[in-house]
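These features come from TrEMBL:
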type    : residues                                                           : note
BINDING : C:59, C:130, C:155, C:185, C:189                                   : substrate binding site
BINDING : C:156-158, C:190, C:219-226, C:242, C:277, C:298-300, C:346, C:353 : NAD(+) binding site
DOMAIN  : C:190-352                                                          : domain 'S-adenosyl-L-homocysteine hydrolase NAD binding'
């Protein structure tokens, strides 16, 4: 509600800013680790004098990360890694904080790339990327900026794959930390985050009672393990399908029933795919399922359930019989319920990972930036794992935020461990 | 909204009927036990010639019950036990099926009672009640109908209390079955239904990660036990508070941490009251809780959390920071999050019991009506428990619907058990 | 074995007494509830002037009970309820404490009955029995003592059945409390005691890894539930067989696989019967079991596994291939392993209930005696349940011994609960 | 000890052989994976013409391994890696099978080394070692044999440390597979084997009821995790102590209570150390424990509980109050119970890992030998991890033995995974 005259636009803006601030405030309270890092950064200023160009989802959680880096002394320009996810109120509030934001919800492809160029105009020392688009432009269209860039972070698996190819071809010109894969993130994100939110999505979509149901979980990686634990924790009998004998054996030793999908298809009331592979549930499986079976996917891509086969088998499809639930009626009268059209059920039918998960991965990101700032002189171009010290520090701060203490080694214990490792 | 002529109203109506039919069809598919009873009733016609007056929530699940009783041969008149819950499309569809429906959403008090009188006009042999209003009117204003009435069912605890008082004063004139309390319903409804739906409500309201959280469950009755199991199953540490030493001991032997609320208040991240008592969380407890603590009630009445005390402690209240979530800011800056204003969190923030639960209780109701029809000549006025045979039959049908078989006794085993019970 | 003179026998005796004292001391430390009752009895002397005749297993735990009653003021005479279980060192130590002991390990039948008569010679006010032999003799051969007897306790189910028959025939002349069945005892003894000790017995006998095994538990009563929980807790997949649909449904809702024995027999690696019925595992089941299947019984009598059918199927039997393990080789080469000859595996292959269990049941017994002493003037002859107050008191003391506190009702809460129960 | 004539020794011997055969037969039935490998080896003869010198514990399980290698075509000489563990009957039976055995229980140091020399006299192509003594002698005293040796396996962590030092100093002359660390072994041995057997040891030693107890597990590595799961599965509340924040966080997210030992020491009823470090429970912790606390170690060395501190605090020590249980009475009357003198409780008070565990590690060993036989021409000297294919094969065979099937990839799925990994 600024200005004595004119600019009603400013009025809209200040309301937007206020809305953005509330949203960022709410996110911040679920991000105690990043908040603690921000406080330390404010005292130690590890990023003083650094310029950062970031291409990330412009959301409240990202805003908390930007605030943390700024507290550490960095100057920041931010573009959106996806225009669909941009929260305009957050963008407005970030602008007020002094972050250069180049993002607006729903822009076209051209504007999207223009925004990235504008963010790069800051001439960064360090870059943060989510999918490798910014780094790619840097190496192709903005090579004049490369000299100054001394490091980067990449958030996604896809981005890492592109970077590793660049590194293999000796095209990558600076060190990049693969912040998407840390022990703490895997724990929070894959096992506990996906575990809970997948079940949450299924409950919101169907309101089905899981106690006493047979839940088939395809895939026993970190995510599948998390989903299986939660389904069991809600009273379901859990059947695991796997292709890897070692994982299958582990599932069996944890008391799960392990079967091939052919058998599981007949037994299941609810099916959850989380394998990373395609066509895990195929026509031959759909053909033998129980009337009323529920099909959900928690894997990244919507290829795990063969929806085309389902379409071909169905004589009728009733969309939206429940939120995010489509009913496929087969020739023999059986009805199969497909959730979220086979896309990620935890994002579509529920709200994705709780904010606590973003707290962990953005904290790793903030500490990785500080590590880059400190170590970049020593680092050759290439893709780096998150340093173990960052992982340990994130865990330490998370425990502190939860009020949990751990033991510390006595000097005799240090000595004992050391001598043992030396074998003497 | 029918027109005076040419009846375009009929068009509206037929759309309503179609909508109601779809809704009933969806409910029916989650009610395999009641459906199976309906098939048997259609073959055996145990209610042939009987007239039933019912006062129940006019919902899709109730419609399935009405269809079952009608299949058994009964003539039915139905009024709403609460005008707020009436689904007009279901009422319209039921009318098409030949059930006399006297119900419309949102009517006033006078119309509500007129509807009950209209339902009673059928001059019932058997009555179904939900809160004892119909039975009360029968005994006070419509006593001329009493001679014909030979039995009834009552769905709620409150109704049963009123009926027991009537029985104690020798005012009750026919036998009534208390269908709200059977082993199968307690299992489905209290333990597994409340357990899952309470957690569901908390997740929908807050999207909080339960793994690693400390969840305090006040009360270790059937409901509390269910909630505790589900919270543990989602990775929480669970603290139980109790006043009954025997239940407290059981909780402890099941590995739960048992504490008085004074201690639990300091430890908890999430609090769930489910005691049946008032003021379980009081000012003295609120005063020591952690910043960000979540408060939810899963007990029937909204008296378990002392919301007035919370109001008095708060310096500011932010309503709706999340769906069904109000934030209370205390003088020292701590923020407490009250879900659903302290009302039943599983009904308010989630969808209450899964339909499978209504399947169990309405199945008991249908079988109790058949039992009354058969036994009523022998039964003195009074309140009756659901006969054990009804409970066993409901469980048997539920297992059959799930494709689960149990063993049967050999004749030697029958003899052995019998001789043992005789002590010979 | 005392010598006629110079009494070297006394030397032996004092060693016996010392051994008995150590043994009683060890038992006492696992019986904090009974110890606490003993302290209160010592202060309040609720049994002053009473004479008690007891017929119980003469073990260290019984000795602690005797000490408790003596502390309460009673004069006691004790006979053995089974000469096989008598611990002579305990008997010797008890004698030193001033309890009249009439028991010796391994005596013949005649001596056994003589000992009971000697105990009765005290002319008791109250009797404690374990199997009803003492009460039977009192009502048949020692009727002259009946006038003085004002109450009794009976420890076993078998005894209770005999007493109920006597009561039904109006032959029972005084009130008897059925101390074998209390909520706390059922919890400790059946669910948690049998649960753990059954698994313990199987591990000691076979040293088999339970993780990943399929364990079939026949019967889902309190004991079966306890066994199933422990097997699942050790990583097994658990299959439940039942004849009661309600229990079967509960098992299914708890996530167990429920099958008839015909199917379970093919799936199981380990079988545990705990039904209270005979021939639960029969020839038809043995015929289809896997090579290496383990058969154990945790039910009271050794009738649940049809050992005769096993004998008939076997071409060879190798006794003792492991402790308490016999191997039956069938015609087709499959080998079945029968533990403890089909007798109670937790008593035979492990050590039966942990002492904590006896603490609960003997505490109920001590408090029941005090209750009888107080109320006996008001009580008609008959069999009485343990008063609920005794159960609550035992739980309260057990929690106190474990340092666990429960909440107490505020006066507003008392009022609320009371008004609710009154329905006003 | 065979006589030259009259040979009563033969009689003893043949009884010994028969006893050994029975013992080996019993072991073999718990080793289905190794048995299956043996059958394949017999068909494929992958070790034809190879000579193997082995230095292993001469037990029934080792005998099954020897039979497997022999079936594969190898000629074998076996010495004992520890004279205390030699089972003379097994040695006798192995001799009959045509394995050269140089081992006898209880021999002195000189004979121990002579036996190793005798085994080496076979002039091996491949060596199997358990602690590196044989390999050490080979590299120092029997260097003339080195030329022929083309590979080896080492079973223990200690041995691996010595070998890595040799490799680092370029002293190691052939490739050695570190068979002690595979995914399947870690799963069976550390997590499930140690988990169950540790609890088993505590139950055998104390017969204590774990339900409702507070069990403190120090260390949340693979072993600690297994112990914690089992303790929880038996109804205990579990407290974890850790020094690693990441492991501590994981424990917390799994619902365990995480505390420093200072706090845990006051809370615990049972303590289990499994950290790999010394002095985890120290005087300062012992000083605040509850009366009756139970102390057990499941770590490899007996250094985790500071027994000297316990000795100093104690005013009296009663050895053997229960099997493997010593009672330490402190000045203030509290009594602490130390199990197995602080040594590995699962080996001392129970029977160590179930045979199923040895099945996994010896199967890895057999397959590693076949892999060496096949690949040795290509392998430089050094320490090798077990090839992943061996691990997968062991898991595959274990699943097959348990009748569990897994899925296989369709060719589309293979292609999809492959393309994904390539990032195209």
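Glycine is no exception: its Cβ is also placed from the backbone N, Cα and C atoms.
Because TrEMBL annotations are produced automatically, they should be read as predictions rather than curated entries.
Positions of TrEMBL features highlighted on the structure.
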| residue | record | DSSP class |
| --- | --- | --- |
| C:130 | substrate binding site | coil |
| C:156 | NAD(+) binding site | coil |
| C:185 | substrate binding site | helix |
| C:190 | NAD(+) binding site | helix |
| C:221 | NAD(+) binding site | coil |
| C:242 | NAD(+) binding site | coil |
| C:299 | NAD(+) binding site | coil |
| C:353 | NAD(+) binding site | coil |
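Put simply, of the binding-site residues C:155, C:185, C:189, the one whose Cα is nearest the Cα of residue C:353 (NAD(+) binding site) is C:189. For residue C:189 (substrate binding site), the same-chain residues 6+ apart in sequence whose C-beta sits under 8 angstroms from its C-beta are C:353, C:357, C:360, C:361. The CA atom of residue C:190 (NAD(+) binding site) is located 21 Å away from the CA atom of residue C:59 (substrate binding site). Separation of the C-alpha atoms of residue C:185 (substrate binding site) and residue C:221 (NAD(+) binding site): 14 Å, rounded to the nearest whole number. When the Cα atoms are compared, residue C:156 (NAD(+) binding site) and residue C:130 (substrate binding site) turn out to be 6 Å apart. Around the Cβ of residue C:221 (NAD(+) binding site), the same chain contributes C:190, C:247, C:274, C:275, C:276, each under 8 angstroms and 6 or more positions distant in sequence. Among the binding-site residues listed here, namely C:59, C:130, C:155, C:155 has its C-alpha nearest to that of residue C:224 (NAD(+) binding site). Here the binding-site residues are C:224, C:299, and the one whose Cβ sees the fewest other Cβ atoms within 10 Å is C:299. Among the binding-site residues C:59, C:130, C:155, the residue whose Cα lies closest in space to that of residue C:242 (NAD(+) binding site) is C:155. Proximity to chain B (Cβ-Cβ under 8 A) holds for none of the binding-site residues C:130, C:190, C:221, C:299, C:353. A separation of roughly 19 Å, to the nearest angstrom, links the Cα atoms of residue C:130 (substrate binding site) and residue C:299 (NAD(+) binding site). Neighbour count (other Cβ atoms within 10 Å of the Cβ, all protein chains): 21 for residue C:190 (NAD(+) binding site). Looking only at other Cβ atoms within 10 Å, the busiest spot among the binding-site residues C:130, C:155, C:242 turns out to be C:242. Reported as a whole number, the C-alpha separation between residue C:59 (substrate binding site) and residue C:299 (NAD(+) binding site) equals 23 Å. If you measure from the Cα atom of residue C:155 (substrate binding site) to that of residue C:299 (NAD(+) binding site), you get 18 Å. Here substrate is bound by C:59, C:130, C:155, C:185, C:189 per the record. The longest Cα to Cα distance in that group is 19 Å. Under the three-state DSSP scheme, residue C:59 (substrate binding site) falls in the coil class.
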